[in-house]
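Per Swiss-Prot, the features are as follows:
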type: DOMAIN; residues: 4-287; note: domain 'Protein kinase'
type: BINDING; residues: Val10, Gly11, Glu12, Gly13, Ser14, Tyr15, Gly16, Met17, Val18, Lys33; note: ATP binding site
type: MOTIF; residues: 45-51; note: motif '[NKR]KIAxRE'
type: ACT_SITE; residues: Asp126; note: active site, proton acceptor
type: REGION; residues: 311-338; note: region 'Disordered'
type: COMPBIAS; residues: 320-336; note: compositional bias 'Basic and acidic residues'
type: REGION; residues: 363-384; note: region 'Disordered'
Amino acid sequence: MEKYENLGLVGEGSYGMVMKCRNKDTGRIVAIKKFLESDDDKMVKKIAMREIKLLKQLRHENLVNLLEVCKKKKRWYLVFEFVDHTILDDLELFPNGLDYQVVQKYLFQIINGIGFCHSHNIIHRDIKPENILVSKSGVVKLCDFGFARTLAAPGEVYTDYVATRWYRAPELLVGDVKYGKAVDVWAIGCLVTEMFMGEPLFPGDSDIDQLYHIMMCLGNLIPRHQELFYKNPVFAGVRLPEIKEREPLERRYPKLSEVVIDLAKKCLHIDPDKRPFCAELLHHDFFQMDGFAERFSQELQLKVQKDARNVSLSKKSQNRKKEKEKDDSLGEERKTLVVQDTNADPKIKDCKLFKIKGSKIDGEKAEKGSRASNASCLHDSRTSHNKIVPSTSLKDCSNVSVDHTRNPSVAIPPLTHNLSAVAPGINSGMGTATIPIQGHRVDEKTKKCSIPFVKPNRHSPSGIYNINVTTLVSGPPLSDDSGADLPQMEHQH
C-alpha cells in the first residue's frame, strides 16, 4: 500500500474507514476501504471476505469497480475507483427536485446496475441517494461502502439502522426472513418520488413510524406481514396503526405525471411478490416514451468511453510529468558550473575572473569556441570571451585528472538531487470532510444520522439486516462464515 498517498478521510464506521488516495505511480485518484484488524475480529473478517468475493465477480458500467485487494498487517484494503459526487449532493443543491431528464437518466442507470446484481443473485439492500455515485460525465455508479458514513460534527449520534430506514421495504421492517430482490425494487420506488420532489417519501423516525408512513400512503400490510409483526418480539405490546384515510401518491404529489406515479406505484407494491423485475421496469413507458431507452443507451456508452479516456489521459499526463522531471534532473547534473570551492587549494582562492580585451579575430574565435562547448561559464553579459587566470593552478574538486590548459573551466562534482516526494503513508493522519446540508435534511436526517457508530456495541433490534450486500440462497455459500448471522432468503424475483 506504500504506492498510495493518502489525501484525506471520506468516511468511517464500526468496521473501518474509507480514504481518498492517489496512486504515486499513475496519479490516479482512488477510494480505499481500510478494514479494522480482521484477523482479530471474526465479524470484520466475515464482512471483508463477503465483500471481496462479491465485488470480484461484479464488473459493470453502473457499479463502482473494485480495482485491487491488498492485505497488510492483518488489515484488508479494498481499492475502488473514486467518484466524489452522489445523488444526495444533487438533492442538496436542488432541494425542490431534479429535472425530468436528469431523473430519467439516473433511474435508467440505477435500475440497470441493480438488475445486473440481481442477475448474479446478489441483492444490494442499501439503495439510497448517498450510495449512488455520479461521475463528471454523468455515469451512475452504485457503491456499497457498508460501514462508511459521511463524517459530521461531534455530538451527533445515529445508528446504521436509522440511516437506511427510509428506504426499507415493509417485509424488512416486520422481520420477514424470506425476503428477496424485491427489497431493492422498493428502494427504487422511494427514489423515484424523492428525486422528482426533493423530499424523502417515507421519513420515519422509528420502525413503527416507518410502517405508519407506508400504510398511510399504500394501505394495510398483507396478512403474512401483519402476522409477522405481532410475532416479532421487537414489537411486543405494540399494535399496527389504524389508517382511517389514505393519502395515495397521486394526491400527495399532484404535479407528478401519470407515468411517473405509475412507475413509483409498481415499485412500491405492498406485496413484494407483485413488484416487477428490473428488466420489466426498463420497459416501462417512463423509459420507452419518445425512444428514450434506445437513444440514451447509445449516449451512455459514449459517456463510459469518455470516463475511460479521462483515466487514461490522467495516467499519460502523470508519466509525462515524471519523464520531464527526470530530464530536468539529468540536465542539471550535466551542467558544469564555475564555482570557487573555499576548501580548495589556496591558489584557487586567489583566482579571479578577468575580462580580457582582445582583437576582433580573437573575439570571433572565442565566440565560436563558446558555441561549440557544452560547458556553462560565468561571464560578463557584455562580452562573449572570458578567460580565467591563472589556468595552470586550477584543480578539480572531484579528484578527477583534468587538463586545465586545454579546458580552463573549473570542474565541480555534480549536484545531488533528492527527487523523492515526501508524502504521508496510508496510515498517516487524515483530515475530515464536511458536507453542507440544506433544507429538511438538517432536521430530519442530519441531526440523527450524521456521526456514524458512536456506540458500535449497541445493536438495533433489526441489526441482522445491517450487512449491505448478500447473496440469495440459491448459490453456494461465499465462505464458511459469511452468512452465519444473516436471515435466509428466497427467490421472490
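Just so it is clear, glycine is given a Cβ too, placed from its N, Cα and C backbone atoms.
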Hey, which of the recorded positions Glu12, Asp126 is the loneliest by Cβ count within 10 Å?
Glu12
Give, as a single whole number between 0 and 100, the mean pLDDT over the domain 'Protein kinase' (4-287).
88
Any idea what DSSP makes of Asp126 (active site, proton acceptor), helix, strand or coil?
coil
Looking only at DSSP and grouping its letters into three states, which state does Val10 (ATP binding site) belong to?
strand
Would you mind pulling the DSSP three-state label for Gly16 (ATP binding site)?
strand
Cβ contacts within 10 Å for Gly16 (ATP binding site), all chains included, total 25
The correct DSSP tally for the motif '[NKR]KIAxRE' (45-51) reads 7 helix, 0 strand, 0 coil
May I ask for the distance between Val18 (ATP binding site) and Asp126 (active site, proton acceptor), taken between their Cα atoms and rounded to an integer number of Å?
17
Relative to the Cβ position of Val10 (ATP binding site), how many further Cβ atoms are located within 10 Å?
23
Within 10 Å of the Cβ of Val18 (ATP binding site), how many other Cβ atoms can be counted across all chains shown?
24
Whole-number Å distance between the CA of Gly16 (ATP binding site) and the CA of the residue listed as 'active site, proton acceptor'?
18
